[in-house]
Structure formats: C-alpha cells, structure tokens
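Participant: According to TrEMBL, the protein carries these features:
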DOMAIN    1-564  domain 'Neutral/alkaline non-lysosomal ceramidase N-terminal'
BINDING   His88, His197, Glu494, Tyr535  Zn(2+) binding site
ACT_SITE  Ser305  active site, nucleophile
DOMAIN    566-729  domain 'Neutral/alkaline non-lysosomal ceramidase C-terminal'
Amino acid sequence: MGSYDITGPAADVNLMGYANAEQIAAGIHFRLKARAFIVAEPGGKRVVFVNLDACMASQLVTIKVLERLKARYGDLYNENNVAISGIHTHAGPGGYLQYVVYIVTSLGFVRQSFDVIVDGIEQSIVEAHNNLRPGKIYVNKGDLLDAGVNRSPSAYLNNPAEERSKYPYNVDKEMTLVKFVDDELGPVGSFNWFATHGTSMSNTNSLISGDNKGAAARFMEDWAEENVIPNQAAHVSSANPRRVSALISEQNDISDDLILLASSYKASGGTQIPGSSIIRRIRSTQQNKAKFVSAFCQSNCGDVSPNVLGAFCNDTGLPCDFNHSTCNGKNELCYGRGPGYPDEFESTRIIGNRQFLKAVDLFNSASEEIQGRVDYRHAYLDFSQLEVNVTTSTGGQQVVKTCPAAMGFAFAAGTTDGPGAFDFKQGDTKGNAFWRLVRDVIRPPGPEQVKCQAPKPILLDTGEMKVPYDWAPAILPIQIIRIGQLVILCVPGEFTTMAGRRLRDAAKNVLTNSGQFDNNIHVVLAGLTNTYSQYITTFEEYEMQRYEGASTLYGPHTLSAYIQEFQRLAAAMVSNKEVPTNLQPPDLLNRQIELLPGVIVDHTPPGVNFGDVSSDVPANSTFRKGSIVSATFYSANPRNDLLTDGTFALVEKLDSSNGWVPAYDDDDWSLRFKWSRPAKLSPRSFATLEWTIPEDAPSGVYRLRHFGASKPLIGPINYFTGTSSAFVVR
C-alpha cells in the first residue's frame, strides 16, 4: 500500500468538474491524496491500482507516470498492469488534462496541477512497491442504501421494463471492498468501489476538497489509526494528540490559572523561516508507524447523485420538472439537495460518513479470501470509428459504427448537481436556432456526423475540432485486472447505472463460461480510469438526451462498443492469449497552451510582515467543543509553494512537557484554510484559519499557526509563519 499528497494549487486555478469558470480555488477544505495498492504473485504477474482524489484520470498524466515508472523499474510496470482512477470530486484543481474541452475553463493547461498529480502518483506507487510483503486479501460486499439517488430517472425508465424488473433500485447500492492483511503487521488497508457522484460540494464552493469519497477515506484512515494500527504496534508518537486524546493529559478543570496562562501567549507576529521548517502534515510525522491506506473508489456513477433529498426549484421550493429538470422551463434554478441541506459541508460529511460506516462494517466482517492468479489485459481502441455488431429488433445481426466525439445541446444544461446557464435544458432532442448559428461559426457538423449521432442534436462537434489541438479523445484505453476471483473492469468514463450493469454482466458471462471461475466471481467497474471521455449511457437512455446521453461522445452505440471489446479482452484473458494493439493515444504535452498568469509579486501594507495577524482570536477567550475559532493572517499566494506533504494551517496545543505541539492541520476535517484578496488583482492577500473544535479534542490551551511562502518581485520565494493569541478549550 502507498499514498501521497496531490493537493495542487489552492488559489487562482479553476476547480475541475462543473465547468464553471467562476469557481476558482481559494483555500483547502482538506488535502487530496493518491492512494495505491500493488498485488504481486511471488515470481509471477503483478498489478497496480491507483485511486486519485481528483475529478478523473487524465491520458497525459497516465502517459507521464508510465514513463517515470519505466525509467525507475524497467518493464515491471506498464500500461497493461497499471490502472489510475479518479474519485470524481468536483472540488480539485483543474488544468491537468490534455484535450481542449476539459481545460477551457481553467484557462488552458496548468502545469502546477499536472506536476503535483504525476509526482504524487509516482510516489504512492514507489511507496507501495517498497512495502510489498507477504499477505492475504479478503473481499466482501453489501448494500448501502442512502448514499445515492438517480438524477435522470426519466432516462432510466426508458430502459426495457423487463430489464428494470431484475433490479430493486434505479441505482446500484452495492459496495465491494477488498481488505489487505500483512502476514506480520495485520490489516494495512482497504479499497472499495461504490457508485455516487462527487458533487456533495456545490459549484459555488471554492475550497479544495475530496468531497464525500475523500472525506470517507479520511474518516476510515483516522478510524484505523485508533482501532487497527494500535493493535499492531504500541509505539505511537506522543506529539500527536489528535489520534488518541489520552496522549496529552485532559484538563477538565479549566482554572483561572489556565486562562491566565493562555492570555500570556500573544500573537507572535510574522517571522521568516527556512523552507525546511514548514511542518510536515501530522499524518506524515509518524514514520515509525505502519500507515493504513483506505481508498473509496468510483464506479458507474454516471446518473447517481449524492444529493439524496431530491431536486427542487430554488425559487418555489417545488420539485423540478421530471423530464427536463427545469423550473418554469429554465434549468438554472433546479438544484439537488444533499442530506445536510442547505449546508454543503454537512452534506459532504454525511454522505462520506455513510460510505465510511459501510466500509468499516464490510472490513470487519470480511472472511472470503481472494485466491487464484493475478492477470490483466489492456487495449487501445479508436472509438471514433469502431465497428460494432448489434442485435436488431428482429433478432438478426447488423454492423454499426461509433462516431467521432460530439456533445449535444443538453450537455450545456448541466445536471441537478450543477445546472448550466442560458436557455439549455435536459432532454432536448431538437436544439435551437440561435445556438445552432453559434455552433456553425465554430464548426458545423457534417451530414454524416449528424446522422451518426442522431437523435443527439450536436452542440459541439468536438471529435472533429483540432485547433489548436484535439478537443476530445478518440483513442481510449480499456483494461481488465484480475486478482483471483476479483475482476476490475477499468473504463475511461462515467457509465450510468444500467450501462454499468450491462457491461459487468457481459464480462462476467465470458469469464464464468470459461470454467475458470465459479459463481463467487466479483466483478467491479472502476470508472474514470486511465483517461477521460465523459459519459456512457444505454442506447435507450441515449434516445432521451438528458445530460448523460448528450455527453455520451461516440454516439448511440458507445455502450455496445464497450461491451463487445471488453468481451474480447475477457476472452483473451481466460484463453491466455495476448491482445495485439497498434494504436497509441497522442502525447500533447508540448502543444499545451497555458493562459493562467503566474504569481508576479506578494505585498503587505507598510510596517506589516507576512504572517502577522490581521484579525486575532478574542483576547482571554474560552471556547467550548463544537465552537468555531478563527484568525486571519497577512499572507501570500499559495501557488508560490504548494507545501506538498506540509500544511498552510495548524492548530497547536500547549503541553507541559513538549511546549507547543501540532494537533490538527489543513488535512483535517475540522480545520479549514481560506485564502482571499482584498481586490481581484491585488498583490495583497489574507489567510483565514477556521477551526471547528471537535468533540473529542482534549481540553487545554491552543493557538492557530499559519505557514506560507511569499514571492518578491526579484529573487527567491521566502517562507514565513505566524501564530494567533492563545485561547482555552474547555
């Protein structure tokens, strides 16, 4: 197992997912991670699966990671046995994909976003490689009923009634979990797959966040540090009160002396420090401890929303129109509501917590051991012109083709998780004259493409747009990973519920008919893996042209193409045959255009240092658990240094024997780092640290500390720190 920080730039960069150009990063809710596992047969094959706290995988990221792995390990890890998957958070920095349509809102390519993800994936794999030890794997699965609803039920209802009757729900409720147990150390991690969108955080949020799946991973790794790791090793760092509150004495009597002691610690004022003095994240300080790695991976989430209360009109409070998700004919007012509505942070916590609790249940009760061999197959396919055999309505066979990529009018309507703008709406099979004129100025689709994509009215003919370089992918990877009776179907997009079911069933039939598997085969679908190509609906859902159908790039037979080609991969795997492929996706790194300006200079007002307090905690203050404490510091642009594996924000506790010790950092749910400017292009900026005191925080004396890096007009960046006045928590 391995994991590493991939948080990215916490200022100025567009957040990836909602395609909202105004949604710009301005701080950190909690940090993002790459988490990896490697499973190897002694002397045999091995596979790598990486789960990213990112919106999706990127072809360019995958290419560069594989290049680094080749330089480091030769042919040990390659495109065939490495899978890189995204959790689909819509609150991570964008600009790391290579096709134009996915980086328009981030002002093109953002090298900083790209580099930190590539570095983090490499480091997580290196750590996992170095941690390879004998062990066992267990698999378990169970239903989680209240973490997802279908956001396009009218499209789902267009699937055949006979098919729908096989399933009790219109979304997949099953979570599949694998538990990794080291022969000597005991449990060291778990990965699970469950389908729900990473859209608990809305399209107005500006804090970097792993959304509900990133939160679930945080909760489970913290749970493991208190409930799993201590059983393996008793040596726990005494400098970490956050994990086990008994490590630092609990001061239940908040005496006048303690309040007096707190009042003697005033705000420190900003001071310059060497970059090496930036504190490493608290989770990274315990080098002598085993690290538990828990990943909550994405599956066929295409039509699954975590906003489980349903979609309502903001103006009237009434449910949105069922077929089009509109309010009085307009999409802008129709929003899905999470279980913590109207608090999106609370919705994120609740949906994350529900996944975490189900994962713990499956983890604790896992008893089926994975046995059998490790294997894999991979192929690149040109989805712009694949020939597909499909069954006709009379039962015969006919050959159809996929199409060059194109997006329909309903794509611009967005979803109930994040509505679009203007007068677009879901379920639009006609389009309108004005936007057709606009489209035709950019690039009119030819008659063959219009016929191929029907009934989708084409808004953007992305597959045939090549200026300044490719707008959409054509060559996509598909991949099967086998670990004993667990089979992972790695797909480069977002399958809807029914599309995922059809693909899993088709692959499972090939595998079980081979005689190599009995009925306890576990087939999971890993969405958003290795590259990104938007959505995949069923043929029937495509006809409805809701958002997911309009975003199914390669036409109505896209799913049939996937099913055909995955059956081919599965057949090759069980017959032990190779899959020849002569295609390679393009590497467009040298053609990327970066329009986001760099940081020019950081300033403070005259007589003020970076790190000085602008707004302190109240003097002589005492806070109860559950309260919010905040302080604001004169700061600098977080893009100057991402402080990877470090922190911009810290809560410190006064300990009689150790002085001030770190207790919470910007990777904790309870502490938020918010960055702001007084004006849009101002060289001045502020950092606000906002700590919601956890119920299990030890009572005592605390203070807030900010770290940052400032850029002068000329010369190297300078690192700084500053603290608030102390306060008492009772």
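Using N, Cα and C of the backbone, Cβ positions are placed for all residues, glycine too.
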Participant: Taking the centroid of the Cβ atoms of His88, His197, Glu494, Tyr535 as the Zn(2+) site, which other residues of that chain lie with their Cβ within 8 Å of it, listed in sequence order?
Facilitator: Gln298, Cys301, Gly302, Val304, Gly493, Gly527, Leu528
Participant: Go through the binding-site residues His88, His197, Glu494, Tyr535 and tell me which ones have a CA within 10 A of the CA of Ser305 (active site, nucleophile).
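Facilitator: Those close enough are His197.
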Participant: By a simple count, how many Cβ atoms lie within 10 Å of the Cβ of Tyr535 (Zn(2+) binding site), its own Cβ left out?
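Facilitator: Around Tyr535 (Zn(2+) binding site), other Cβ atoms within 10 Å: 24.
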Participant: Enumerate same-chain residues with a sequence separation of six or more from His88 (Zn(2+) binding site) and a Cβ-Cβ distance below 8 A; give 'none' if the list is empty.
Facilitator: Gly17, Cys55, Met56, His197, Gly198, Asp211, Lys213, Gln298, Cys301, Glu494, Gly527, Leu528
